[in-house]
């Protein structure tokens, strides 16, 4: 039976000792063992459950340290779906009252004292350059089966596995890493004797398998450099918990923590966030040895004095319910004398005289060196965890821990039992991989996902705006006036946010958590720029402005003026889209006749892109923000040149619209029903005259007033501006469809139109949204009789 692991209120205390210690709860029978002397600490776990990993969280503004005093207090707040760290400075006498005050605030996940980092115990030895084409002996790797055997464990079709290294930084230019250090939180490496610590750790995890120098346990991993410590102190004001949160947000599946910390509510919160986000944390167990041990290394006595409260002291990072703390053993298989032996040790790995990469300043462009400590045992296990996740990406952290401890080679115990010196035994990567193959993880239930938004009841006395989940369940969008103007709707390009504007209020919804926030707003239209700021138009005093709002708080954050636009007192403007950071506005003499499409750059540069007789309809922008496609709202047969393709980059350079029409009149005849990009392909749907689709739709509908809904797609790229008709290579028409969206799992969303209006543009009265499943599975209806449907990008 698999042994369950309890997700405790895990926290990330912030006193850092860079030869880290970290621990996991022991397993007795089927339950984690108790952790004596581990006090309860105030952590708002409900807020952690509302957080969601997102690389964009790194862009959320961090407030500068506030207050004054010698004591640093760390605070983690929930902003939208992001965990955001900040620092408060107070006098020592005011620390506890201030902490009590902070912990009562509704958005505070945790607040605690922040303690300074401590340096590693020793500098690396024997720095020397690697010799091209000559691999060096690595006893640690050999003890796990050797580079070739480990190489065979990595599947050819493995997904990208990212490993966060919370340490002194990685030398990203080192030849052992190539271009695999893909995200860096702080780009400056230290200059002291210990600057190589993080580089050496990363080398053990994933140095290149190229026949030169050293090879890591998992040389295919990508690295996230979460530098915490530099030149004897921590980087920045916040604390190590922020590095762990950052690595989780950047997509880590494994985090190696060879930088130690004292237990506090900040540390526990970061660990809990990692666990809930399916991230395995592998910490070192520390170098505090034991009573009566032999002092065999020159750094041990000084390290004991500075970093160990007592022999075999427990480290905060090791003392977490979800940590898999690693002790060190020597080449002959004995526990290293310096390796901490206590209840937090879960597994043992090579940790003495470990050859790995060092910063390139020490002995040439591909420097290697030797180092010792549990800091260098932990990355062997981190690399092993990466291999398991490459084979089973669906595995939970508990699945990975279970495979590693149940297959560890026991020392002094029976298999499946632990002791304080070796934990459950010595790491056995090959056996762990087979164990997980033989005990495949159970698939996680799919979380509810927002698929689209809809408006219903527009023709009735009260309309309703709702979000549509993939299950078909609906969630009402709050604070909109059901008897007011029909709202404008928009999702951000990454699908993380949704916004609705009805002219009086702006409501923003976090698409990951469902949290809604609203503010009064004299707004026209809505869109998101690439920074996920909400954009909306405001008209007043004879001027047009683009207002920006923070989606996390719905606070106004700035305004861009469009001085070249001067609507009359009865004039109107609204946002109809955004291309990168460029706002796209429809402007005109009145709200019902916005007949001009205008681009407004953040520096207020304004260019008119398109003028129509009947108004601007749908607008879509390419993911890179370069191309815009606009559809007017023409009468059938009166304006055949319906879709306008615009190159914003060349428009900006020329100072006028650089554009062309996309198709001849026989295809585009009436109103567009959908318009969106998937990569560089434009997906469009429109109402076409029956005689214009005779070849593609052999049996056009007989009850649609001589018109037929059709959909197609077209690849968009460089073009020459022209006002002439073009014969573009649209794909074969899909008849009867008002829009198609392709999902990453092979499914499709299909928009099906209801009866067409007898008006001159043949707009459907309403729509039905269907989820089309592959493999002959029945379609799932998500919405019916909706007058407006906006699909969330994924």
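The chain as shown is numbered from 1 upward.
Placement of Cβ uses the backbone N, Cα and C atoms for every residue, glycine included.
Just so you know, TrEMBL annotations are computer predictions that nobody has curated.
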If TrEMBL is the reference, give me the range from 7-29, 30-52 marked as transmembrane segment. 7-29
TrEMBL record, region 'Disordered', of the ranges 84-110, 111-137, 138-164 the matching one is 111-137
Taking every protein chain shown into account, which of the active-site residues 167, 197, 375 has the largest tally of Cβ atoms within 10 Å of its Cβ? 375
Rounded to the nearest Å - Cα separation of residue 167 (active site, charge relay system) and residue 375 (active site, charge relay system): 10
